[in-house]
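If you check TrEMBL, you get these features:
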type     : residues : note
TRANSMEM : 65-84    : transmembrane segment
TRANSMEM : 91-110   : transmembrane segment
TRANSMEM : 130-150  : transmembrane segment
TRANSMEM : 162-182  : transmembrane segment
TRANSMEM : 288-309  : transmembrane segment
TRANSMEM : 315-339  : transmembrane segment
TRANSMEM : 346-366  : transmembrane segment
TRANSMEM : 378-397  : transmembrane segment
REGION   : 440-466  : region 'Disordered'
COMPBIAS : 444-459  : compositional bias 'Basic and acidic residues'
Amino acid sequence: MEVESQPPKFALPVDSEHKATEFSSTANTNHTRQPQPHIHCRNCISLLVQSLLGLPWGAPATPRLASASLILLTAPAVYFSSIASSPTSFLLVRFFTGFSLATFVSNQFWMSSMFSARVVGSANGVAAGWGNLGGGATQLIMPLVFGVISDIGAVKFTAWRIAFFIPALFQTLSAFAILIFGQDMPDGNFHGLQKSGDKPKDKFSWVFYYGIGNYRGWILALTYGYCFGVELTVDNIIAEYFYDRFDLKLHTAGIIAASFGLANLVSRPAGGYLSDAMAKRFGMRGRLWALWLVQTFGGVFCIILGLVGSLSTSIVVMIVFSVFVQAACGLTFGVVPFVSRRSLGVVSGMTGGGGNVGAVLTQLIFFRGSRYSTQAGITLMGVMIVCCTLPICLIYFPQWGGMFCGPSTKTNATEENYYMAEWNSSEKEKGFHGGSLKFAENSVSERGRKVDSATRPSDETSPAHV
């Protein structure tokens, strides 16, 4: 029997794809060379740009180069914010800054390429949650930067313009850090692996076809539109809501609003951890049930937020609402990596784009013009969350089941057959399907300990520790 070559040594235990089977946000290994969190802008133009760009950047492009390129190309727009002097120039700056939002897709694709099935929810949750954290932190930090520059001696008109150079500088530095320290996959960068023959170059047309042809991706795009999309919407309107409804000082309203975004420090990562924990016990069905329950509760608390009239109660309800809706985002990307192995980037792009389309539509429907008061818009937005979460019950994996149905009893309903269906016989003969085959082997954990032990014995080996 031919002996396989010894895989590279990693500080973390890995599976057959060399993806880490344990998640650590602080370990200094190839498995934690993560892209810098993405920055959220707050207008519909920027959100539309991301939804349009997410798909192509999430395809076979390398996540490292995609992230760094987008960040570098959009950094000048942030610098130019300091010289915006008219509504038109301001809209143009926001439009081009919006291109950077597509880094969210490459971020989640990158995490799914580095971490194994059993911990991918946690990895995605921490990377995206700490990225979203920037939305809340910005509301607190930028006024402080402005204050420091003013205290040094700059007049207010000049101080706020100089302040924009700070985030632009950090954005530029993060791009170079990604290029220098980042790595596409545990074994190396895409181009090097393709050159050595370890990673075959895929055909974009087939990757795109299998991505948009999978109905599960479209359902997750819809539901993500009413968790992440709602999060973006609330970021836009919540400060003004507290300012107008409770007659607060603008600074005070801003601090309250910042707490919504700052909750991402724990809430979205918690959603990822919950997804992995439920999968460990109940498999994919546990991930789906957790997503539906958490997002539905988020909708209920959103409804309540629009109905309560007390300042203190509104703050408490808003924080609870933020925890649920942000945790639902983490839970969503605990499911996304399993929809398609070959077209993971496209499915990630569809889902991420759906979040931004949801934000645009929600703002246009409920918070544009005077048709609804802000509190009525918040309540109706909560109703939309509950309704748009229901399609999760339609997601079904033959090998794992869905919310209300167990796995198929057909003998060909296996992880291998599900992921091999994305490759034709010619591609299989050339060995292009090797990565999907390994992923199928490592995805057996999605049967769940309870379900697997009760229905069928596991014939898989445990992940390798090297």
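Including glycine, each Cβ sits where the backbone N, Cα and C put it.
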Among the ranges 65-84, 91-110, 288-309, 315-339, the one whose Cβ pairs under 8 Å to the transmembrane segment (378-397) are most numerous: 288-309
Beyond the flanks of the transmembrane segment (288-309) by at least 6 residues, Cβ under 8 Å: 223, 226-227, 230, 271, 274-275, 278, 282, 317-318, 320-321, 324-325, 327-328, 331-332, 334-335, 375-386, 389, 392-393, 395, 402-403
Same-chain residues at least 6 beyond the ends of the transmembrane segment (315-339) whose Cβ lies under 8 Å from its Cβ atoms: 108, 112, 117, 120-121, 124-125, 128-129, 132, 214, 216-217, 220, 223-224, 227-228, 230-231, 234, 238, 256, 259-261, 263-264, 266-276, 279, 284, 287-288, 290-291, 294-295, 297-298, 301-302, 304-305, 308, 347-348, 351, 355, 385, 395, 397, 443, 446
Sequence-remote partners of the transmembrane segment (162-182) [C-beta within less than 8 Å, at least six residues beyond its ends]: 33, 35-36, 39, 64-65, 67-68, 71-72, 74-75, 78-79, 81-82, 100, 138, 142, 145-146, 149, 154
